[in-house]
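Student: Shown below is the structure under consideration.
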Amino acid sequence: MPNLDKLIIGFDHALRTLLTPAQTLRPVPGTQLPEAELNDLEKSESAALMRVNHVGEICAQALYQGQALTARNAEVQQTLAQAAREETEHLAWTERRINELSGRKSLLNPLWYGGSFAIGAFAGLLGDKWNLGFLAETERQVSAHLGGHLSRLPHADEKSRAIVTQMQIDEAGHATTAVAYGGAELPMPVKLVMRMASSVMTRTAYWV
């Protein structure tokens, strides 16, 4: 069971994720590219898609924190912590791009975080192989979702496309790492439920 220190650290992480700008150690992908001259419709579409991606990173932070809270193996905890650090960079990249596009973040971010944290904590309680399997499947689905966004983003919006492309590469790496550390293949019904939940989140975050 998680101790009080872990709970306090988790609460602090939640506040920082939701209330303070995320920081990145790596350069933001696409920084060197010129800003495209997008029309209002294209700009709105890019901002909405990047908002969805930002929500995805909010959820990823919460999932990893929940999983790490209940994970039983120190090595698994370290794997989750490393993935969370890279997701923090994704959070910073998407937030910066939303601001550049004069967009806004989702109004439901606290809800997304709370729900994802609970799911992650439950996954951790199932044992490390299922915990890592859940991580791997989550990253596979996120990678596929990012691929869909690459097909929807305006072709001229090279800055957003560069960010999403690098995020997709990172997510694939997280999935591979989780499997290498012993992640189990999830049953198909679980995968389908995850896809349905993801669909609700992405459709809602596009607008709200």
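Yeah, the Cβs are placed from backbone N, Cα and C, and that goes for glycine too.
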Student: Considering the Fe cation 1 binding residues GLU87, HIS90, GLU171 given in Swiss-Prot, which of GLU42, GLU45, GLU57, GLU137 is annotated for that site as well?
Tutor: GLU57
Student: Please pick, from GLU37, GLU139, GLU158, the residue that Swiss-Prot records in the Fe cation 2 site together with GLU87, GLU171, HIS174.
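Tutor: So, going by the record in Swiss-Prot, that would be GLU139.
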Student: What does the structure give for the C-alpha distance between GLU87 (Fe cation 1 binding site) and HIS174 (Fe cation 2 binding site)? Integer Å is fine.
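Tutor: For GLU87 (Fe cation 1 binding site) versus HIS174 (Fe cation 2 binding site), the Cα atoms are 10 Å apart.
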Student: If one measures from the C-alpha of GLU171 (Fe cation 1 binding site) to the C-alpha of GLU139 (Fe cation 2 binding site), what distance in angstrom results, rounded to a whole number?
Tutor: 5
Student: How many whole Å apart are the CA atoms of GLU139 (Fe cation 2 binding site) and HIS90 (Fe cation 1 binding site)?
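Tutor: The Cα atom of GLU139 (Fe cation 2 binding site) is 13 Å away from the Cα atom of HIS90 (Fe cation 1 binding site).
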Student: In terms of DSSP three-state secondary structure, what is the assignment for GLU139 (Fe cation 2 binding site)?
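Tutor: Helix, per DSSP.
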Student: Can you give me the residues near the recorded Fe cation 2 site, meaning same chain, not GLU87, GLU139, GLU171, HIS174 themselves, Cβ no more than 8 Å from the center of the site's Cβ atoms?
Tutor: ALA60, ALA83, GLU86, LEU135, THR138, VAL142, SER143, ASP170, ALA172, GLY173, ALA175
